[in-house]
Amino acid sequence: MLPTIAWQDDAVVMVDQRKLPTREVYLTCTTPTEIARAIKTMVIRGAPAIGVTAAYGLALGVRRSKAAGTKQLTTEFLKDCDLLAATRPTAVNLFWAIDRMKHVFSEKVLAGASVEDLRQVMLAEAQAIHDEDVASCRAIGKFGGALVPEKAGILTHCNAGALATAGYGTALGVIRGAIEQGRTVSVFADETRPVLQGARLTAWELVRDGIDTTVISDNMAAVLMRQGRINFIVVGADRIAANGDAANKIGTYTVAVLAKEHGIPFYVAAPLSTIDMRTLDGDAIPIEERNRREVTHVGTTQIAPDQAKVYNPAFDVTPHRLIAGIITERGVARAPYTESLQALFDLSAVALAETGDAPVAAGAR
Ligand SMILES: CSC[C@@H](O)[C@@H](O)C(=O)COP(=O)(O)O
């Protein structure tokens, strides 16, 4: 499987996604500060991958700390949490992973753990977050793959693949799942201006897997829909509010509106770690604004005048009414989402272990 991120010899190794598709270069980070920089500058990106990387960043800090006791270690750990939390605001997986690591840290400190104990425990927790993300993507692939028609023309936007997760992918996991279930598909990858995650990353990883892939510029999707060449749409998400509104890469909302006009099902695929039940609707999701250069330049070539103002929101919010279903590792949630998403969270681990399968959420199908 594609090595998006790995723990190696007390360091975190990741493929530098800024250099793809032309160069496969790996970056090694040995401190939380280096991890924070890698997330901020999009060496690594994609909501679940950001969460896993942040968890490893916190483990790195604890393992490399010279703190003599847990009091000093706690001060350092909380500083690292703040540093990592300040990297990117929209992907809720970042805050979810930090909260989870914080919870384990404080539980262990209260139970009297030593600095050495914490070194082991925090790495084990980060590795658990990593492994669970891969397992979630596989389950998303299984549930979502079953929804894909035979000989489907699938449109996806941005990169919600192995590169954006700990491996396998969410939206691209659905495509991989459909193929593993025996269906033939062809994929259209929106190039995804301005950072071009679709052209650079989605196309790279799909082609690498031998999947039929066509790159289109973002403004070509409507024509393909009208021509009947797209009959299934799946995207990832950075944060899904309790009512099902879903923030994802800028341009996703446009795709959803076009899908509605052409009667094409538009699905969002994401693990539960992307669902933020504390955010009631999409208006409350913080949207990151990135620097003007992403819009004014393509690589080193300037394409807009210095004097022009630039607006560069990195994400938009697709209203829940445009979403046919939210594909998670526990099944497919359908409208009304507040109830169906909550039902997925309420499924106990015991119930899941007993059935060995994830039931479809309330309101489904
Ligand atoms: C499984 S990843 C889902 C989303 O994180 C993805 O579609 C996306 O919008 C990524 O944005 P990015 O700015 O590249 O981090």
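Each residue, glycine too, has its Cβ placed from N, Cα and C.
Listed in TrEMBL:
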ACT_SITE  ASP238  active site, proton donor
BINDING   ARG45, GLY46, ALA47, ARG88, GLN197, ASN248, LYS249  substrate binding site
SITE      CYS158  site 'Transition state stabilizer'
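Positions of TrEMBL features highlighted on the structure.
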| residue | record | contacts (Cβ under 8 Å, 6+ apart) |
| --- | --- | --- |
| ARG45 | substrate binding site | GLN17, ILE39, ALA164, GLN197 |
| GLY46 | substrate binding site | ALA91, ASN159, ALA160, GLY161, LEU163, ALA164, THR165, GLY236 |
| ALA47 | substrate binding site | ALA91, VAL92, ASN93, LEU94, ALA164, GLY236, ALA237, ASP238, ARG239, ALA270, THR274 |
| ARG88 | substrate binding site | ILE39, LYS40, ILE50, LEU94, GLU288 |
| CYS158 | site 'Transition state stabilizer' | ALA164, ASP190, THR192, GLN197, GLY198, THR202, VAL235, GLY236, ASN248, LYS249, GLY251, THR252 |
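The 6 Å Cβ screen around ligand 1 retains GLN197, LYS249 from the binding-site residues ARG88, GLN197, LYS249, ordered by sequence position. Just so you know, the Cβ of ASP238 (active site, proton donor) picks up 33 other Cβ atoms within 10 Å once every protein chain is counted. A simple way to gauge crowding: the CB of LYS249 (substrate binding site) has 28 other CB atoms within 10 angstroms, across all the protein chains here. Sitting within 8 Å of the Cβ centre of ARG45, GLY46, ALA47, ARG88, GLN197, ASN248, LYS249, and not among those site residues for substrate, are the Cβ atoms of ILE50, ALA91, CYS158, ASN159, ALA160, ALA164, GLY236, ASP238, ALA314, PHE315.
In the three-state DSSP scheme, ASN248 (substrate binding site) is classed as strand.
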